[in-house]
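Student: Let me give you the structure first, and then I'll get to my questions.
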Amino acid sequence: MELVFGMKDVYPWEAKVRRSIEARLRTLFERWGYAEVEPPTLEYYATFEKTMSEEMKERIFKFLNRDGKLVCLRPEFTTSVARMFAQGNALPLPLRVYYSGKVFRYPSSPFRTESEFTQVGLEHIGQSGSAQDAEIITLAILALRETGIRSFEVDIGHAGIFRGILEVLPLKNGEKEEARIALKKRDFVALQTLCSRKPLPSPLSQFLLQLPFLRGKRDLLERLSCLSSESEEWQRAVWDLLKTWEILEDFGMTEHLSINLGLVRDFDYYTGVVFEGFSPGVGYPLLAGGRYDELFRVFGKDVPACGFALFLERVLEALQKETAWQEGDNATPSVLFYPPRLRRRVFELAEKLRSQGIPLVMEEHEEETILLITPRGSSVFEDLDEQAVENFLTRRTYEEADPYPPHRKAER
């Protein structure tokens, strides 16, 4: 029997590392004052219908429930969290929440087959401003560090850059969506074809063709801040990015940061700063997020918010490429073979060792000796010498009790 297309099995070695990374991210988020929430996996399709692009709507898993209502598997968490707090009991603002769980959507490219993802992310609800944007971006950088990835970059942009250009372009809604998709895919030919269909009266509109290549640091924003006054949204976006960058400089977080003015997200609800995190060798974002001050209005509230989500499977792929990490690493427990006459004493010893964080499997055998096999070696004992067994395990297997990826051990 084959797997459903786009789904995958998770084997013990990967499950262990996943849980380790999730645990470290939970600790990070909670230390910054974020509390866990759990939206449902199944939502009404109408929850997402007004918040997504036409392209993303086509990727949602949707079907009729037994009552004849159109429902879907959640394609992302942010909209579910917004619906949850907009419709739930009134809570004091600001709110800082995080989540971890599965999302489902059809692949965006024929070169990708995954339809099930694990997202770990957070949302800052109820405050608007560069300080909050900088906090979220800082946590995104810290989260990538916490996973153990050594080489990564975070691109930051602003939804107002693209919207500001569209303000002065004589494009219809369908053409604007076409431009958004082309920009996201960095398809310069498609952008050029679109712009050649009709005259572009504004100098600012020429930036639509240049956006895929406008990357840099703070000096890029300083040069662009006085380029044009044709679009107020453009001006606000540039100054917003500048203020956020200044705060991130004070936090010491700009080493991994780059400005990417051509950055466009999949979801229509983004209104301000947006960002994505990448690692060499993985050609799609490890995490993504931004500000979405208008999303709550879909649910009858006017509440600013920002957040991000990390894609756990992509993080694992980046770790494997960085460390030549093999399946089975850190997954094999020690095994203690013993004769039945020592069952009670072996059980008591095994429980003591397990309480110390040492994974241990008990197996009876017909020999009268004790055989201890660990991932780092083995030993035979003529009788059950608890201290000798404990010393051998502690010396040989302390690393197996640590679920960090191999290169993280070297850092500690």
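Using the three backbone atoms N, Cα and C, a Cβ is placed for every residue, glycine included.
Annotated domain 'Aminoacyl-transfer RNA synthetases class-II family profile' per TrEMBL: 1-333, in sequence order. Among the features that TrEMBL reports, L-histidine binding site is placed at E76, F77, T78, R105, Q119, E123, R265, Y269, Y270.
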Student: Work through the binding-site residues one by one (T78, Q119) and point out the residue whose CB has the fewest other CB atoms within 10 angstroms.
Tutor: Q119
Student: Under DSSP, is R265 (L-histidine binding site) part of a helix or a strand, or is it coil?
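Tutor: Reduced to three states, the DSSP call for R265 (L-histidine binding site) is coil.
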Student: Tell me whether T78 (L-histidine binding site) sits in a helix, a strand or coil according to DSSP.
Tutor: helix
Student: What's the longest C-alpha separation between any two of E76, F77, T78, R105, Q119, E123, R265, Y269, Y270, the listed L-histidine-binding residues, in angstrom?
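Tutor: Max span of the L-histidine binding residues, Cα based, is 21 Å.
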Student: Would you mind checking how many other C-beta atoms are within 10 angstroms of the C-beta on E76 (L-histidine binding site)?
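Tutor: For E76 (L-histidine binding site), the 10 Å Cβ neighbour count is 22.
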Student: Return the count of C-beta atoms lying within 10 angstroms of the C-beta of R265 (L-histidine binding site), excluding that atom itself.
Tutor: 21
Student: How would DSSP class Y270 (L-histidine binding site) in three states?
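Tutor: Looking at the DSSP assignment, Y270 (L-histidine binding site) belongs to neither helix nor strand, so coil.
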Student: Excluding near sequence neighbours, so keeping only residues 6 or more apart in the same chain, what lies with its CB under 8 A of Y270 (L-histidine binding site)?
Tutor: A159, G290, R291, Y292
